[in-house]
Amino acid sequence: MLNKPVLVESLIVFIIVLCVHAVVWDRYSWCAVALAVQAFYVQFKWDRLLQLGGAVFQFRTAANSGLLPASMVIPLLGVAMKERCKSAGIVYFERFGIVVASTGMLVALFLSVIAVGITKPVPTNTCILTGVAGSIIIYTMKHSLTVSEVIEVLEVLLIFVYLSMILLYLLPRCFTPGEALLVLGGISFVLNQLIKRSLNVIEGRGDPIDFFLLVAVVGVVLLGLFFTVLFIFMDSGTWISSMFFHMMTAVLGLGVIMPWLYRLIQRNPLFWLLQFLFQTQTRVYLLVYWTFLAASACGVVFYQNAKRSSESKKHQASTITRKYFHFIVVATYVPGLIYDRQLLYVAAVLCLAVFIFLEYIRYFRIKPFGQTLRHLLSLFLDERDSGPLILTHIYLLLGMSLPVWLFPRSCAPKGTLSGAGALVPYSGVLAVGVGDTIASVFGSTMGEIKWPGTKKTFEGTITAIFAQIIAVALILIFDSSVNLNSSYAWILASVSLVSLLEAYTTQIDNLLLPLYLQIMFMA
């Protein structure tokens, strides 16, 4: 049977699903509920398979499959986006929300079918539920999507299948099945959107900033795949391989990625980026401030490593030490959200590309910094970094940035949303920067009453909820664009549910919590 923490986590997810669809109930609501029920049963089977060690790929240990919470993220985001854009009268993005919801459901259903198929003996009841849920979803898609939209959904599914087979094989123990669904599903959707927009660039749809995100994500992923295949045949730790790595990075960047971006935005990418970054005095001040914070973060890394000696028995940084970076990230994002969200958008994309590139250097042991990065970052590893990649800092950046990147600007008059939706860009700051940080710090130092079956404490969760409410009040004071329209009960319920999810989930909370808080705020 499922253990109690998994049951409570599933119950919280079900409550969030029902809360969202109580506000936006339509034909996709039935699909989402059916998907949630079958994902719960498939998760039970997959968890047992992981415990027996019978899974085809090697997934991250010390965590359940996480199939239910991950399966609901993309469909709920699509449904919430559809309703927001429908109320704003933006038909194009309303249809886009439907495509997102359909894609999320089909990808999650595909992963569930795979899980059921590799379970021995084949679970009859789960197969029936999966068949019923699949029939409901496919029937709804047939009556909701145009032919071109169906093709787009199938394209994303095809990309997801190939990426899953490649990356899960190359990167064992880096993901749980649920985390793989979120990460690889997101990359698949981004790649499909980039291909689609590249072919339809004459139509002029989209913003140069959005193209910048798509090209950056796809570029660094393709770069990693290229070097992974290359270093199968070469020793990556030699100076010759390192020189080849830097040379090919420059060739691919300047010869492929830059021309691709030039075609999309119809101007020189480097000149556009420099002009964008230094366009106003406020942006210059923010860049100087962020540079200081980045230097402070590097200082923390060097200081903590300087304290570590060969005789020391303590080889890992404490939870409170790791939360220093959460405080630094909050100090980074809040001024950007208040004064210049477009600059924050682009800066987060650049930071993500740099983080992933540095991880390539560390992973492949590229000289002269590869071994140094391995030594410096090993101090901050925890049980979630059980695979060959170190992803927690990248997940932290993603958790803070995704609400900014996914903020439906086109469906919000003058770039703002009313009610709880006005807090959508702050979802990462509230859920990860404030809630998760305060829960960890207070829970580990003063917590005594533990939630049943977990290491998290009641005191940490309650303190996190209060801290997020105080943060909302401060946002109201300092950000004049936020207008909650008396939606305080919904905000309190959203923050409380996500904080409870943080206490019980074994998935990467830096990635999962901001998305669920954003879904609740958008609904």
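A Cβ is built for glycine as well, from the same backbone N, Cα and C atoms used for every other residue.
What TrEMBL records for this protein:
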- 12-41: transmembrane segment (TRANSMEM)
- 92-116: transmembrane segment (TRANSMEM)
- 122-141: transmembrane segment (TRANSMEM)
- 153-171: transmembrane segment (TRANSMEM)
- 211-232: transmembrane segment (TRANSMEM)
- 244-262: transmembrane segment (TRANSMEM)
- 282-303: transmembrane segment (TRANSMEM)
- 324-339: transmembrane segment (TRANSMEM)
- 345-365: transmembrane segment (TRANSMEM)
- 426-446: transmembrane segment (TRANSMEM)
- 458-478: transmembrane segment (TRANSMEM)
- 490-517: transmembrane segment (TRANSMEM)
The transmembrane segment (324-339) vs the transmembrane segment (122-141): 3 or more CB pairs under 8 Å: no
In contact by Cβ distance (the transmembrane segment (282-303), the transmembrane segment (244-262); 3 or more pairs under 8 Å): no
In contact by Cβ distance (the transmembrane segment (153-171), the transmembrane segment (92-116); 3 or more pairs under 8 Å): yes
Stretch in 153-171, 211-232, 426-446, 458-478, 490-517 most in contact with the transmembrane segment (345-365), if contact is a CB pair under 8 A: 211-232
Annotated stretches the transmembrane segment (12-41) and the transmembrane segment (211-232) touching (3 or more Cβ pairs under 8 Å): no
Tertiary contacts of the transmembrane segment (153-171) (same chain, 6+ residues out, Cβ under 8 Å): 57, 99, 102-103, 106-107, 110, 141, 145, 180, 184-185, 187-189, 191-192, 195, 225, 228, 387-389
